[in-house]
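This report concerns only the one structure given below.
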Amino acid sequence: MSWRTLSLQLANKLSHYLPIAKNWLYRFHGGIFLDYHKDLALRQPLRQGYMPKKLILPLQQHMGEPATPCVEVGARVLKYQVIAQADIPRSVPLHAPTSGTVTAIGPQPLPHASGLTETAIVIVPDGLDEAHPSPLKQEQLPQRPGDDPIAQFKATILNAGVVGMGGAGFPSYAKLPDQPGLVKHLIINGAECEPFITCDDMLMQTHPDEILAGATAIAQAFQIPSVIFAIETNKPNAIKAVQQASSNYPNVQLAEVATVYPMGGQKQLIQELLDTEIPHNKHAIDMGIVMMNVATLRAIHHAINLGLPSVSRFVTVSGHGLNEPFNIETFIGTPFDELALLAKPIKALNYPLIMGGPMMGVRLVNNHVPVVKTTNCILANPPEPTHQAMACIRCGECAEVCPVNLLPQQLYWHAKAQEFDKAQDYKLFDCIECGCCAYVCPSHIPLVQYYRNAKAEIRDQQAQAKLAEQAKQRHEARLARLERDKAEREAKLAEKKAAVKAQAAAQQTEIAAKAATTDAPAPTMSAREKAMAAAKARQVATAKAKAMAKKAQQGSSDA
């Protein structure tokens, strides 16, 4: 065991027994001192220009909904061309990193601990790197001269496919408010606290102007009065480069923060810089604070000032299993194993690579997975003998180092017993999964795995409950629709019956009226009228008799 390792262990022990010593260095609770191995990848200059054999571009590289492919197999695409559209909310478009031919659109393995597959577009580069003439003028979200400038700014970031490159890949446009004046502090996160990872360090050394230009664009658009550039003290070259570049940006304040893990966490860095604690169930934006990673700000500069979408990023390729670790600016979609082979592995890569660092990284099931927008490190550390987990001895060291000031021991018991309601009562979802608790656990309990599994189970239960509620609502809506249709049919039938009945009644009335006029009895005559009628009848009869007698008399005379 090296003297450095012993000194770090001693520092952690002293900070455990003398918590006030931590307050001399930083403000947030907990945290640990690690051996960072940052020098491994920084021994070589930045690599650029690597052209992979193929590019695998998952449609979902961000928090939200996947993009929708807008190219077909066999199509030739140009660099920066939109190959998948953001045609639904919470989606982000995807662009071709270089020119080539689309050879497949279908399931491909993702850089995920479970070996999940996701729909991806596979491009075989043609080596020409031919660019689209106007990449951000392709119709995604139309921008007109009269539009709100804030809406245009956010639309440009969305059109460029910019997502958070230092965390979970939250769409960057969604982190910004819809009007100026709401944000008081913009924090540029250059802490990069995980061991081995130095891609942000290299970016700050080589492109500090682009980072500052992206931050300034946001500060001007949203009228942010305070811009703070935070860098850990173990990055002297980056600090020097930023100091020199920031002379052109007087509104930017450089803050050197203590080298302690996890200083790069959002809540921890905000507390360190502003002495402000983000409450439970609140976000930084609720406190008037926006934090962005240095790589994200460079991508925003490319989108706003250069009109270029996000198609590449800085990646650290490091680890004890590589002879020549390095940092590289590589295309999104480049396979992990191709980059790891460039670093000349000490032995065959027949063990899982890690995406990220040793504390929060994801151990892969398949090494032939692509670099995505959130990939900051490809770590090749050969597996070491694992310690057998033993029973918790309730020492409380996990609680001492938790940077969120949780009770990891209680979370462990409830997660293990699948008492998820109680785990949530202990703020399970406030856990940032930094791994500090598992690092100091003398019983070698994989605490973070229990927390991740519990979160996954809770999310699954919530998703199932949501589906069940949606099914219930659909069923109730169907029953209501059937009842409504039945009531409408019955109302129409009743109306029809009433109309028929009314028509029949009208017909009966008409028939009765006609019968009354045609079949009515003769009117009754008075006695006088009867006498006069009888007299008249006698007169008529007498006249007829005389006429007949006269006629008979004439006939006899003629004879």
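Yeah, the Cβs are placed from backbone N, Cα and C, and that goes for glycine too.
TrEMBL assigns the feature region 'Disordered' to one of the listed ranges (27-47, 111-131, 300-320, 510-530), namely 510-530. TrEMBL assigns the feature coiled coil to residues 451-504, out of the candidate ranges 343-396, 451-504. Cross-referencing CYS431, CYS434, CYS441 against the [4Fe-4S] cluster 1 binding annotation in TrEMBL, which names CYS392, CYS395, CYS398, picks out CYS441. Taking the centroid of the Cβ atoms of CYS402, CYS431, CYS434, CYS437 as the [4Fe-4S] cluster 2 site, the other same-chain residues with Cβ within 8 Å of it are GLY30, CYS398, VAL401, PRO403, VAL404, LEU406, PRO408, ILE432, GLU433, GLY435, CYS436, LEU447, VAL448, TYR451. Mapped onto DSSP classes, the domain '4Fe-4S ferredoxin-type' (422-451) shows 17 helix, 0 strand, 13 coil. A gap of 12 Å separates the Cα atoms of CYS402 ([4Fe-4S] cluster 2 binding site) and CYS441 ([4Fe-4S] cluster 1 binding site). The binding-site residues considered are CYS395, CYS398, CYS402, CYS437, CYS441; of these, CYS395 has the fewest other C-beta atoms within 10 angstroms of its C-beta. In sequence order, ILE393, ARG394, GLY396, GLU397, PRO408, GLN409, TYR412, CYS437, VAL440, PRO442, SER443, ILE445, LEU447 are the same-chain residues whose CB sits within 8 A of the CB centroid of CYS392, CYS395, CYS398, CYS441, the residues recorded for [4Fe-4S] cluster 1 being left out.
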